[in-house]
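Below is one structure; the comments refer to it alone.
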Amino acid sequence: MKPLYQRIMLKLSGEILAGETIFSPEVMNRVCQELKAIRDIGVQINVVIGGGNIFRGNMGQAQGMDRATADYMGMLATVMNALALQTCMTDIGLDARVMTSINMNEIAETFTRRRAFEYMHNGRIVIHAGGIGVPFFSTDTAAASRACEMNCQAIFKGTKVDGIYSDDPVKNESAKFYETLTYQDVLTKELNVMDAAAISLAKENKIPVVVFNIKNPGQLAKAICGEGLYTIVS
Ligand code: UDP
């Protein structure tokens, strides 16, 4: 298998890691095995993990909390997921480093671009935690912004479905599947894939966004080699 991209950003929402409890060891192990498969074909990997399995800003807001505080709590949730993922990667022999956007040096190293590049060159996986460290943003935006900063050639967004549809394919069987879309299509049709800030950043920096099913075993490696089912936004 020959990868089309040598360095990628993988965005996973927190919900992907969940099973019956907030983290499912089986699911996390499977995701890490998928990462091992692409590492073994020479792909340098950045991961941005969300926090939605634990806490999202809007959950706090719904309980009357101010948005900024709730967002900081959401950012902390992403750090918890990042640590869990790092442990799981280490257990299967993948060398990974969590880097945070907010200083918490006792827990993980603060992100610096120079150090993250060193890790890339040494074959380590960098897990970016804490989003961009600023409230009123999402981890989708963090994935796009770190992808630009880390010179990634593509953003891979792992979802529970095969790519982008005109409507939710779980609720609407006749939803149309798109193989390719432009950034503008996603923005104009308001397709529910990544928020507008993330898509705009990818557009401005000409980084393709590949949306694929992370639950489909082997699909990440296939999509990186241009095979199997996925949607590419470019
Ligand atoms: N968040 C934030 N700034 C960021 C990234 C995340 O404020 O740069 C907060 C926001 O409250 C968000 C939560 O962290 O709801 C968890 O991230 P997200 O909702 O993107 O996680 P996902 O849905 O991908 O699991």
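The backbone N, Cα and C atoms fix where each Cβ goes, glycine too.
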Per TrEMBL, member of Gly51, Gly93, Gly158, Gly163 binding UMP alongside Asp71, Ile132, Gly133, Val134, Pro135, Phe136, Phe137, Ser138, Thr139:
Gly51
Coarse DSSP state, helix versus strand versus coil, of Lys11 (ATP binding site):
strand
Quick check: with Gly51, Asp71, Ile132, Gly133, Val134, Pro135, Phe136, Phe137, Ser138, Thr139 left out, which same-chain residues have Cβ atoms within 8 Å of the centroid of the UMP site Cβ atoms?
Gly57, Gly74, Met75, Gly131, Thr141, Ala142
Helix, strand or coil for Thr159 (ATP binding site)? Use DSSP.
strand
For ligand 1, which among the binding-site residues Lys11, Ser13, Ile132, Ser138 have a CB under 6 Å from it?
Ser13, Ile132, Ser138
Let me know the model's mean pLDDT on the domain 'Aspartate/glutamate/uridylate kinase' (7-213).
97
Over all shown protein chains, what is the count of other CB atoms within 10 A of the CB belonging to Ser138 (UMP binding site)?
23
